[in-house]
Structures are given as C-alpha cells and as structure tokens.
Amino acid sequence: MPHKELLEKLQAGQQLTYDETKRCMDGIMAGLFSEEAIIALLTLMQDNGITADAVAGARESIMQRATPIQLDERAVDTCGTGGDSAGTFNISTAAAIIANAAGVSIAKHGNRAVTSRCGSADVLEELGFCIELPPEATEELYGRTGFAYLHAPLYHPSMKAVAAIRKKIGTRTIFNILGPLLNPAGVKRQMVGVFNIELMDLYAEALRKTGSFHALIVHGETDQGQPLDEPSISGITRIIELHNGETATHVVRPGEFHLHEWPLKDIAGGSREENAEIIRKILNGTAPDAHREAAIFASAIACYVGGIANCIDEGVCMAREAISHGTAKRNAEAIIDASRELEARYRRESD
C-alpha cells in the first residue's frame, strides 16, 4: 500500500493493521517517504490511537534492521519506558546486576539518559563497564557471565534516520512506546516498567503478539499519586503478568514481600557519579535500607520472570542473599573486569 493510501486511511480516522504498520515503518526507516509525509503518518497514528497490532508491526520492521546478536531464551531484560519524572536512581540497572548474581541470565537493553539525568548506559559506564562492545564480544561475555548489555545506538543504527523528525514533531509517537520492545536479542522474558497506567494493556497485548513467554508489566505509584515506571517501594504496584500466552492482574504493596515502604525522596537519584555510588553501596551492603529494598524488589521480579524463583517473595530472598553473601559485589566486579578484557582484546584484533 503506497504511503498516500496509508495517509488516506489514517485521515479517515482508521487504524492501521499489523501489515500496514509494518509497511509504513519499512518506508520510514528506508527513507522512502518525505519528511512531511513521515510527520503526518506518525502524528495521525498517534491521534487515532496506537494499537497492539500497530506496535507489533512497527517492532517487526525495526527488528529486521537491528544488528544481530545471538544469546539464548533464558535471557531477561529489565527496562522501563521512562517519562515518569520521578528522579529515582537506576533501579532496573541495579536489579539486573543483583538478579544476575542470583543466577538470572540478563540481556539489558539500554541507552544514555533521555528523560532523566542518568541512563543505564551512563551508570554502567561510570561503574567501569564497557558499554560499546561489539556483538561477538557481548556474546562471549554473556557466555562467560550470563550478563550482556546491549547499547541501543549500536544495535539499532537505523533509528538515527528518524531522530531529527521525532525531535521536530516534539510530541510522543509510536517510537516512544517501542523502546522496551526492541531488545535486539529478542528476549522472551522481561520486566517492563510503564509510567502511564493506560499503556499497560497495550504492552501486555503487544508482548503476547510478539512471542513473549513470561513478562511482568509493572506500574508503580506512590501514596501521593506519583506514577513510576518501576515497582514501587513507596506505595502500590499494579502488575499485568503475561505467562505462556495467559494474562493475570495483581495489585501489590512492598509489605507483601517483607519489604518496607519508603518515601520517594529516599530513593532519589542524581548524576551518573551519584547513581553509580548508590549502586556500589547496594552491592557492598552499605546502602541505606530504602535504596537496597527498592533494588531488591525489582531484582525479585527479574528472578521470577527468569524462572529461578517460583514467586516474587522467593525472588526477594534470593536478591537479599546475593547482597548479604557478597555475591552481588563479586559478580559485578567480574562482569566489569570481563567487559574491559574483551574490549581490549577486540580492539587489538581490529587494529
């Protein structure tokens, strides 16, 4: 379907099907449409309401252009949509490190800061991790440690083609929804933090359509009503659980998992240096209780979707032990050292 027909359908207030959205995104990513047409297509898609079919179709188009990497089906991603303006430290990144120490295979897809002061790439880099390993080095790192960090610009170079247009539009489009679904390893297990409660069902259905095996879509809230794109240590967490094609909903509080509740200000983050120091202290076992328990809660969910814990409560115990026994600290050091070694070796081999 030519883009004019797609535009006509959207202008009539209709939504695009999976195939139509894929063709639309194929044309956008290949540079076949004018800037004016792309802006119109993206804006109308948003105005008409994004569907799970559209998200799945757009994802397929972008994933076909991704730099390939081969991990395995055990890999878990912990990520959020961003956009909650809560200013917390890098909880999902800390959770990935701790869950990995507990025995979860991690494929953390991330980037530098966009809506926050410090993104997952920023804090990992500050901790000493080499964030731009070539795919073959990342595969080796994963094979040795069960941990991989997949830097979005490295694996999705085609996204550069639309960066300027997205900035020009200046409002949210389907691209803002796609981020957590674009892990280049094609993970089947995820914790997806969603800041907008209205998007939870959309993510659950999109993940189902794209073959996810076990995912928890989480939306946290503080008791003051602040939305969070992560499990909340400051109030309730709404969960949609997708497991083998079936969905269930839950509303939980930290106390159900033997965790305390803490005000949002107690888990505030800051610069990359400050957030890295927070994570170091969590791993060292010297962090304030609020920081430690926020990371443990998210780690527990990763343990659950990763299949090593039978429930979140069991995952909490595993995450606690990884910290208290020193496993998390030693594991983080081993991952960082291995990434540096591989980066140096592959750099020598490419010279």
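Start at 1 and count along the chain as shown; that gives each residue its number.
Placement of Cβ uses the backbone N, Cα and C atoms for every residue, glycine included.
Listed in Swiss-Prot:
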BINDING   Gly80, Asn111  anthranilate 1 binding site
BINDING   Gly80, 83-84, Thr88, 90-93, 108-116, Ser120  5-phospho-alpha-D-ribose 1-diphosphate binding site
BINDING   Ser92, Glu230  Mg(2+) 1 binding site
BINDING   Arg166  anthranilate 2 binding site
BINDING   Asp229, Glu230  Mg(2+) 2 binding site
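Swiss-Prot feature annotations superimposed on the structure.
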{"residue": "Gly80", "record": "anthranilate 1 binding site", "contacts (Cβ under 8 Å, 6+ apart)": "Ser92, Pro180, Val192, Gly193, Val194, Phe195, Asp229, Glu230"}
{"residue": "Thr88", "record": "5-phospho-alpha-D-ribose 1-diphosphate binding site", "contacts (Cβ under 8 Å, 6+ apart)": "Leu228, Glu230, Leu264, Ile267, Ala268, Gly269, Ala294"}
{"residue": "His109", "record": "5-phospho-alpha-D-ribose 1-diphosphate binding site", "contacts (Cβ under 8 Å, 6+ apart)": "Asp77, Cys79, Leu150, Ala152, Tyr155, Pro180, Leu182, Asn183, Pro184, Ala185, Val187"}
{"residue": "Asn111", "record": "anthranilate 1 binding site", "contacts (Cβ under 8 Å, 6+ apart)": "Gly119, Ser120, Ala121, His151, Ala152, Pro153"}
{"residue": "Arg112", "record": "5-phospho-alpha-D-ribose 1-diphosphate binding site", "contacts (Cβ under 8 Å, 6+ apart)": "Gly119, Ala121, Asp122"}
{"residue": "Arg166", "record": "anthranilate 2 binding site", "contacts (Cβ under 8 Å, 6+ apart)": "Leu42, Thr173, Phe175"}
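According to DSSP, Ser92 (5-phospho-alpha-D-ribose 1-diphosphate binding site) is assigned to a helical segment.
Once Cβ contacts within 10 Å are tallied over all protein chains shown, the binding-site residues Asp229, Glu230 are led by Glu230. Taken residue by residue with DSSP, Glu230 (Mg(2+) 1 binding site) is part of neither helix nor strand, so it is coil.
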